[in-house]
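J.: My questions all concern the structure below.
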Amino acid sequence: VSLQMMKHAWDNYKHYAWGLNELKPISKQGHSSNLFGNIQGATIVDALDTLYIMEMKEEFKEAKEWVEKNLDFNVNAEISVFEVNIRFVGGLLSAYYLSGEEVFRKKAVELGEKLLPAFNTPTGIPWALLNIKSGIGRNWPWASGGSSILAEFGTLHLEFVHLSHLSGNPVFAEKVMNVRKVLNRLDKPEGLYPNYLNPSSGQWGQHHVSIGGLGDSFYEYLLKAWLMSDKTDEEGKKMYYDAVQAIQTHLIRKSSGGLTYIAEWKGGLLEHKMGHLTCFAGGMFALGADGAPNDKTGHHIELGAEIARTCHESYDRTSMKLGPEAFRFDGGVEAIATRQNEKYYILRPEVIETYMYMWRLTHDPKYRQWGWEAVEALEKHCRVDGGYSGIRDVYNNHESHDDVQQSFFLSETLKYLYLLFSEDDLLPFEHWVFNTEAHPLPVLHKDDGNKEEHQK
């Protein structure tokens, strides 16, 4: 089914928005997000590996030809370093590792080089926004005290290590290792990492901590850096398990109805709210269970299962059986969105991602059952003539579509669904680590140092 869904999403993108970043499935035209500046083709690059894995060979070939002829980074535009890294660099790297086609390696390294000026700050903590022509960077104007954001500068590690591996140029890995060095030198409030860090002073901004947006993938990349290094990156491993310990102590709570959730921390005060993005953490805890210190393995798997259950409840308690952007545990409500501006669903993958990890690591059939419920809801409420659209209010009985088919729907949501219903030997966890946009990157074994270069 996810194959047919992918075909519907891709064919409509190709028909109505080919070469543009995303599709507007209701108005049947292209959609351009300012996150990518004037770089085009986000959906193509994001979907490459999904097309390849689903054996959509014709579609993959057309996508590859577009990349060869039209993917251009010589644009005078300000881009989000984080988004361009996870979608474009990640998508190109994984297309290269799966297909072996040299064009993808070449484009990934070329783009990586264009991102390097983002690190030209006093601390080496990169800017959030970069003009890729002038090399001038700055931060989001709304971020606390001119700070860079933890999830943004903390979600470059996997891709940049692979860029060094594939180019033979150590500078990429050095830049991301330095980010860690800065973090390790700093005092962490209660062992927690605030979401804001000033790249000039090297000091934390306001003490907000979140495992959802602004924090999420930083933690994911610590664990995955260790896994991707064939479990040799001891620094990443220690940082991850120490952080999880602090999260368990300070952020993980149980509602009166028995649902485990991860709250947000604001200068020592908890906000009992959990974002859809935070739902990725169930899969992360389960994936990290195996390496957990002193016999905590069962505990981490259990924690993953409890987060998965809470997130399933957030879906189940809506009219559309699709989860809201954020849901709360206060004032007598549990796992329900109480604010209008948190009731939307934009085709996000995090809950399905956690089902996929839980299925692979436990084989409990309920995860496939829950995944199937999500498929039915997507087909019923998000599928439109011209593709798939997000929904403005999942508690309503009538769909109000937002008219965007996000590139991550093809990259992540549909890929995780496909993997949830596939055998475990498709992209097995011992050989592949998924970046935060679901782009699989191979585990780097100690012995394959720089095989690539010697073959060239």
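A Cβ is built for glycine as well, from the same backbone N, Cα and C atoms used for every other residue.
Per TrEMBL, the features are:
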ACT_SITE  GLU83  active site, proton donor
ACT_SITE  ASP216  active site
DISULFID  CYS279-CYS311  disulfide bond
ACT_SITE  GLU325  active site, proton donor
ACT_SITE  GLU350  active site
BINDING   THR436  Ca(2+) binding site
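Tell me about the setting of these features in this model.
T.: Within the same chain, the residues at least 6 positions away from GLU83 (active site, proton donor) whose Cβ sits under 8 Å from its Cβ are LEU35, PHE36, listed in sequence order.
If you take the C-beta of ASP216 (active site) and look for same-chain residues 6 or more apart in sequence within under 8 angstroms, you find ALA151, SER210, LEU277, THR278, PHE280, ALA281, THR436.
Every protein chain shown contributes to the tally, and the Cβ of CYS311 (disulfide bond) ends up with 28 other Cβ atoms within 10 Å.
In sequence order, GLY275, HIS276, ALA337, GLU342, LYS343, TYR344, TYR345, ILE346, ARG348 constitute the residues six or more apart from GLU325 (active site, proton donor) in its chain with CB-CB distances below 8 Å.
Other Cβ atoms within 10 Å of the Cβ of THR436 (Ca(2+) binding site) number 24 in total over all chains.
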J.: Could you state the whole-number distance in Å separating the C-alpha atoms of CYS279 (disulfide bond) and GLU350 (active site)?
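T.: So the alpha carbons of CYS279 (disulfide bond) and GLU350 (active site) sit roughly 6 Å from each other.
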J.: To see if you understand the setup: which same-chain residues, six or more apart in sequence, place their Cβ under 8 Å from that of GLU350 (active site)?
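T.: HIS276, LEU277, THR278, CYS279, PHE280, CYS311 - these are the non-local Cβ neighbours of GLU350 (active site), listed in sequence order.
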